[in-house]
Amino acid sequence: MSPKLSPPNIGEVLARQAEDIDTRYHPSAALRRQLNKVFPTHWSFLLGEIALYSFVVLLITGVYLTLFFDPSMVDVTYNGVYQPLRGVEMSRAYQSALDISFEVRGGLFVRQIHHWAALMFAAAIMVHLARIFFTGAFRRPRETNWVIGSLLLILAMFEGYFGYSLPDDLLSGLGLRAALSSITLGMPVIGTWLHWALFGGDFPGTILIPRLYALHILLLPGIILALIGLHLALVWFQKHTQFPGPGRTEHNVVGVRVMPVFAFKSGAFFAAIVGVLGLMGGLLQINPIWNLGPYKPSQVSAGSQPDFYMMWTEGLARIWPPWEFYFWHHTIPAPVWVAVIMGLVFVLLPAYPFLEKRFTGDYAHHNLLQRPRDVPVRTAIGAMAIAFYMVLTLAAMNDIIALKFHISLNATTWIGRIGMVILPPFVYFITYRWCIGLQRSDRSVLEHGVETGIIKRLPHGAYIELHQPLGPVDEHGHPIPLQYQGAPLPKRMNKLGSAGSPGSGSFLFADSAAEDAALREAGHAAEQRALAALREHQDSIMGSPDGEH
């Protein structure tokens, strides 16, 4: 009888395999070094992870939708389950989008998650770039990562635009007609040829959506995926930036190791992002194409706006004056200038680090971030750009604003035009002066200390507020001014611990009984001291010659 073999131990098998690999290729040293890499713990560094995890959700949901979507523009008659559109002639693309929404199991849920994830992806990139811009994280040696992030934002905008154009509903068709077709036709010399190359003839043609589909599911996602991989590789190789603080220098990183803290935190954050997108996809309706109907070139609807990341271009087209220019017997209509300004923005965005380096002469390596107040010109430029974006975004919905607030549509158009010219410089000035004021506030704390709120009367009758110095004092008791290190400064006594430590309770859990009793006793003692001081003050007044009458 053969001996009975015991089942193998999985842990021992894996350990043996790992040892065999290590004896051949020696990866353990490099792997240990990489797993010990330190990442900062500031919350703003998670903004980039939101974009990354949203893109992962986009890939997963996009693959599912690809299994059921047909990008053909062949005309068919709808005979599906949605009764109001039965018998209506539409494209095969629109019919398959309706089938995904009403007949594919989980199709509407996945489609809405996909759309919300696209919005979150673009929004996260915008906020992430804003954080990098205002803190100076794009400075040398990280200019390449800024360029990659700018390209990711531009690609995300066009990827989203192509994506919501695929269903061939009335709203997406209007977007293609107004943005892609009209601007292309208006280009001098090459406009007609380029339009026929894109559409295969007159608008809308029969080949545009299949071409957009190929760009949307193959080319652009591949480029975005490659850029994300390159971005992460550069972050890993160049190490992370960090905010100034105790123990932080240009040559180290203070934070937590990749394993296990950062890895578990990132995994939990990914689960949270997926959960939030799932709730949004299940509870918040977005892009109800069945209410819009199929695209018909003869039908135009008011209240037509693109997604938020393209609304600034729509607003620019709405408020741009109807100026026509003539150059070498060619007409340049107003919509072409929208494309020109878009191109200018798309060039200035990735080029900004090099422009700032050129004008400031700062060619040094930087691993410590800056507070926005410490760089008022850059902060003011960023605030001006945000104001420009917000004005154009609001201008994109001027018809809805005019309808809801009973304002003339022409008035909203002129408000947008005036705001585009006046508001950005005004915001620049206010932001610049605000930063200067914050700098002076920091210098005041370093020179005089923190305001205590205690008013003291001097022997000659003047009143002053006492300050708590942050450092040593001279022989006269005056604070010795400290040097600003770029880190946040305490502005209130509570920051120095004068209010004591907070209780262990929270919004959901009360303090412990012993801690609650101690807090009550301390509060009662403080009240008794205040009453005693008040009585002493009143007695001194009553006992004075002025108080005897």
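Glycine is treated like the rest: Cβ placed from N, Cα and C.
A quick note: this is a predicted structure, and the numbers were derived from the prediction, not measured.
The transmembrane segment annotation in Swiss-Prot covers 45-65 (among others).
The number of other Cβ atoms within 10 Å of the Cβ belonging to His216 (heme 1 binding site), over all protein chains shown, comes to 23. Taken from Swiss-Prot, the feature heme 1 binding site applies to His114, His216.
If you look up Swiss-Prot, you'll see 118-138 (among others) marked as transmembrane segment.
DSSP assigns His128 (heme 2 binding site) to a helix. What Swiss-Prot records for His128, His231 is heme 2 binding site.
The feature transmembrane segment is assigned by Swiss-Prot to 146-166 (among others). Residues of the same chain lying 6 or more positions beyond the ends of the transmembrane segment (146-166) and with a Cβ under 8 Å from any Cβ of it are 51, 69, 71, 93, 97, 115, 118-119, 121-122, 125-126, 128-129, 132, 137-138, 172-173, 175-176, 179, 209, 212-213, 215-216, 220-221, 223-224, 227-228, 230-231, 234, 287, 306-307, 309-310, 346, 349-350, 352-353.
Long-range contacts of the transmembrane segment (189-209) within its own chain (CB-CB distance under 8 A, at least 6 residues past either end) are made by residues 71-74, 91, 93, 165-166, 168, 173, 176-177, 180-181, 295, 297, 330. The transmembrane segment annotation in Swiss-Prot covers 189-209 (among others).
Under the heading transmembrane segment, Swiss-Prot lists 217-237 (among others), citing sequence analysis as support.
Sequence-distant contacts of the transmembrane segment (266-286), counting only residues of its own chain at least 6 positions beyond either end whose CB sits under 8 Å from a CB of the stretch, comprise 46, 49-50, 53-54, 56-57, 109-110, 112-117, 120. Per Swiss-Prot, the feature transmembrane segment maps to 266-286 (among others).
Here Swiss-Prot flags 335-355 (among others) as transmembrane segment.
Annotation source Swiss-Prot lists transmembrane segment at 381-401 (among others), citing sequence analysis. If one looks beyond the transmembrane segment (381-401) by at least 6 residues along the same chain, the residues whose Cβ comes under 8 Å of a Cβ in the stretch are 130, 133-134, 302-303, 305-306, 308, 311-316, 318-319, 372, 407, 409, 412-413, 415-416, 419-420, 423-428, 430-431.
Sequence annotations record features per position, and here Swiss-Prot assigns transmembrane segment to 418-438 (among others) based on sequence analysis.
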Checklist entry - Using Cα coordinates, what distance in whole Å links His216 (heme 1 binding site) and His128 (heme 2 binding site)? => result 23
Checklist entry - For the transmembrane segment (217-237) and the transmembrane segment (45-65), does the number of C-beta pairs under 8 Å, pairs 6 or more apart in sequence, reach 3 or more? => result yes
Checklist outcome for this item: Whole-Å Cα distance, His128 (heme 2 binding site) to His114 (heme 1 binding site), is 21
Checklist entry - Around His231 (heme 2 binding site), how many other C-beta atoms are within 10 angstroms of its C-beta? => result 20
Checklist entry - When you measure from the Cβ of His114 (heme 1 binding site), how many other Cβ atoms are you left with inside 10 Å? => result 22
Next on the checklist: Below 8 angstroms Cβ to Cβ, which residues of this chain, lying six or more residues outside the transmembrane segment (45-65), approach it?
Outcome noted: 39, 100, 107, 110-111, 113-114, 117-118, 120-121, 124-125, 127-128, 131, 152, 217, 221, 224-225, 228, 232, 240, 266, 269-270, 273-274, 277
Checklist entry - Cα of His231 (heme 2 binding site) to Cα of His114 (heme 1 binding site): how many Å, rounded? => result 23
